[in-house]
Structures are given as structure tokens and as C-alpha cells.
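A.B. asks: Just passing along the structure, written as C-alpha cells.
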């Protein structure tokens, strides 16, 4: 299923997973992608986004592991594939790559992360 990309591109309550730390981190990821969209030529902004994403994925995966979440391995693979894709992107970042990142985050939260609601 493909979910609608919000405009303006920002987190709202429809993305809530009901774990405060993860919701706050998701808000930061939306902001990081928006910042990159606003400054696609800035390699520093791209590097900050990659770091934010890696840190969030680590936190999320640690929560999953601590609760023996059954889909941890497949979730980690989805994360690592996205990080690998992002690390292949260079500044200036194309509109196509910004769109890809926006769509990936929205679809990942609503299509994949929502599966762990109430399980962590």
C-alpha cells in the first residue's frame, strides 16, 4: 500500500506509533528530509540526515530486540537497505532522490513501523 505524502512535509499525529522516543525521532527524520529538500546542495545536511537515520534505526532495533519482536530481522534488513541507498546519494541531491526519501519514510512508518504498535 502506498500512503499519501503530506504537504507541507512534516510529521503529524497520523504517524504516531505511541512510543514517545520513536515518535520524537520520527519527527526529527521528517525535519531532516525537509531540511535536505530546502538545501539539496548542502552535503552537511545530507550527512546529518544519514546520521539521524542511522541513530534512529539503532534505537528502534534495540527496542525491538529488548521485546523479542518477531519481525526484527526483516525490519533490520529494510533499514540497512535504505541506509545503503542513502549513502549512495551525493549532494546536490536530485528532486527524484528527495521524493524517494520522503516516500520511503512515510510508507515505512505507516506500512512497516505500525506493525509494532503495542508490541514494544
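Just so you know, glycine gets a Cβ as well, placed from its N, Cα and C.
Not my notes, these are from Swiss-Prot:
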BINDING   26, 56, 60, 113  Fe cation 1 binding site
BINDING   60, 75, 79, 108, 113  Fe cation 2 binding site
A.B. asks: Cβ within 8 angstroms of the Cβ centroid of 26, 56, 60, 113: which residues besides those meet this for the Fe cation 1 site?
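C.D. replies: Here the nearby residues are 17, 22, 25, 29, 57, 59, 109.
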A.B. asks: So for residue 113 (Fe cation 1 binding site), how many other CB atoms are inside 10 Å of its CB?
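C.D. replies: A 10 Å sphere around the Cβ of residue 113 (Fe cation 1 binding site) contains 19 other Cβ atoms.
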A.B. asks: Using all protein chains in view, find how many other C-beta atoms are within 10 Å of the C-beta of residue 56 (Fe cation 1 binding site).
C.D. replies: 19
A.B. asks: Take the mean position of the Cβ atoms of 60, 75, 79, 108, 113, the recorded Fe cation 2 site. Which other residues of that chain put their Cβ within 8 Å of it?
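C.D. replies: My list of surrounding residues reads 57, 61, 78, 109, 112.
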A.B. asks: Please report how many Å separate the Cα atom of residue 108 (Fe cation 2 binding site) from that of residue 56 (Fe cation 1 binding site), as a whole number.
C.D. replies: 13
A.B. asks: Distance check, please: Cα of residue 79 (Fe cation 2 binding site) against Cα of residue 26 (Fe cation 1 binding site), rounded to an integer number of angstrom.
C.D. replies: 14
A.B. asks: In sequence order, what residues of the same chain, 6+ apart, have a Cβ less than 8 Å from the Cβ of residue 26 (Fe cation 1 binding site)?
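C.D. replies: Same-chain residues close to residue 26 (Fe cation 1 binding site) (Cβ under 8 Å, separated by 6 or more) are 11, 15, 17, 56, 105, 109, 113.
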